[in-house]
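First up is the structure itself, then whatever we jot down about it.
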């Protein structure tokens, strides 16, 4: 029993130092060990691959000439072929354009189009830095710059680039104010192009150009901006008109000073104007008159107008006076007629009723009848 324990203790003593030694192994030593293991696996794979390649070549030779249709492939000028042999990239990079050779059963290849592609980024709802919601869309032009990297480093380079373009558009617009988005489209496009090109370089993609297509604003904001722009245009037009009038007035003042110093210059200008008017085919010619002559005519016209007004007032007064006299004459004639009719009416009354003449009641009746006749005549 004691001998057994001593043997176990000896084994423990030998195991503990080994464990401590493993803890003290450096990272460099670990990498060296891993590389050595990879080299061993590569040697084994290379040996197996060599055997498979030899068998594939034998198969091609045995099936000639039919195997040529399988072994030779053609890619276009704008294409490249990335060849995998036993799952590994072949040395020498992508093949093409033209004819390239593959071994059946152990080689596979992928065609890569190197032409520039266009991606229309769908409208993205973006909240700008000044809290305005806008809808922005863009166009991205990109191409594959490295066919081998685009196949080996990313699953689907085109799909990844399109998703990255959408997120980059939203992120870029979210850091700008609305007026910057509307006025600095070129700089924003350049910033997006640099960001996309830097991010997709590891995928073998080259972003050539980015263009902002359209920026859609809310309807209320469009109306407000239109009103603001209209007000700014009107203000600018008024300022320009005022400046033009100011310049014109200065020019006229200078011209008047020059012409005022030389009366002959004014007469010469008058003759030049008449010559220019006569050169054109005008049916009506307006001759300018001196200001003094126009003032004289205006004064004469004012005096004649005042004289005519006084004469019209006198005629109206005379006509009113004549009408008053005529009315008075008519009233007098009417009174005379009434006075002539009064005795006859009294005589008829006395004859009808056969009453004694010159009594007090008769005189009252006659007076009443005369008043009634006067009121009727009126």
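Don't overthink the numbers, they just go from 1 along the chain as shown.
Placement of Cβ uses the backbone N, Cα and C atoms for every residue, glycine included.
Among the ranges 26-50, 51-75, 76-100, the one that TrEMBL lists as transmembrane segment is 51-75.
In the predicted model, the domain 'Band 7' (70-229) has a mean pLDDT of 89.
Secondary structure counts, DSSP: the compositional bias 'Low complexity' (309-318) has 10 helix, 0 strand, 0 coil.
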